[in-house]
Amino acid sequence: MLTSEISESEKPREKLQNYGIEALSSSELVALIIETGTKNESVLTIANRIIMKFKHVAEMQYASIEEFQLVNGIGVAKASKIMAAIELGRRISIVTNQEEIVIRCPDDAVKLVMPELAFLFQEHFHCIFLNTKNQVIYRQTIFVGGLNASIVHPREVFRLALRKSSAAIMCFHNHPSGDPTPSSEDLLVTKRLVEAGNIIGITLLDHIIIGKNKYISLKEKGYF
């Protein structure tokens, strides 16, 4: 069934115009992005297949162009459109979330990073950079892969902190298992970051481990 054969009330574009963007399902949003179906399938059928490929819609932001192309009906053009839309949304989210946000407690910081880190399949080491008022001035993923002291080097973290004229930093990484209990390597990395920060004069306010909808603050738990 082609898009032209879908009833007016079911077409994503018409639904958006009549009821607003919030009324659209995730599949309908994807359908608007990829625009067309194939000879044998409607755009909504293909869009729904994309959504079903991922356990959580947030996982789409980490998919490669090749992964999208594994979906029947998706070629390089459609895959590129999806990735461009996701990247634009990510950039808008980062800028919006950083504007005049003050970190007063671990919860404030976790609200910024939980949507990005909670559902990843690999460990990501992420940093928030703060000014003297504890306002977020920048944030970035520094390392991807298993967290250990040989990979997460304080030099890389504090080089960026100095470049951004940071007064303090907060570090985060996710545990793909969903269990945020710190490992011995997590504690060793934290110890090295604290020591380096003390020498440079940039405080490590916290190192937070993100699990599935839960977290552990190493500072609150007294690990440093």
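Including glycine, each Cβ sits where the backbone N, Cα and C put it.
Listed in Swiss-Prot:
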- 102-224: domain 'MPN' (DOMAIN)
- 173-186: motif 'JAMM motif' (MOTIF)
- His173, His175, Asp186: Zn(2+) binding site (BINDING)
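Long-range contacts of the motif 'JAMM motif' (173-186) within the same chain, counting only residues at least 6 positions beyond its ends with a Cβ under 8 Å from a Cβ of the stretch, are 117-118, 120-126, 147-149, 207, 209-212, 214-216, 218, 221, 223.
Working note on the binding-site residues His173, Asp186: by count of other C-beta atoms within 10 Å of each C-beta, His173 ranks first.
Helix first, then strand, then coil: DSSP counts for the domain 'MPN' (102-224) stand at 39 helix, 36 strand, 48 coil.
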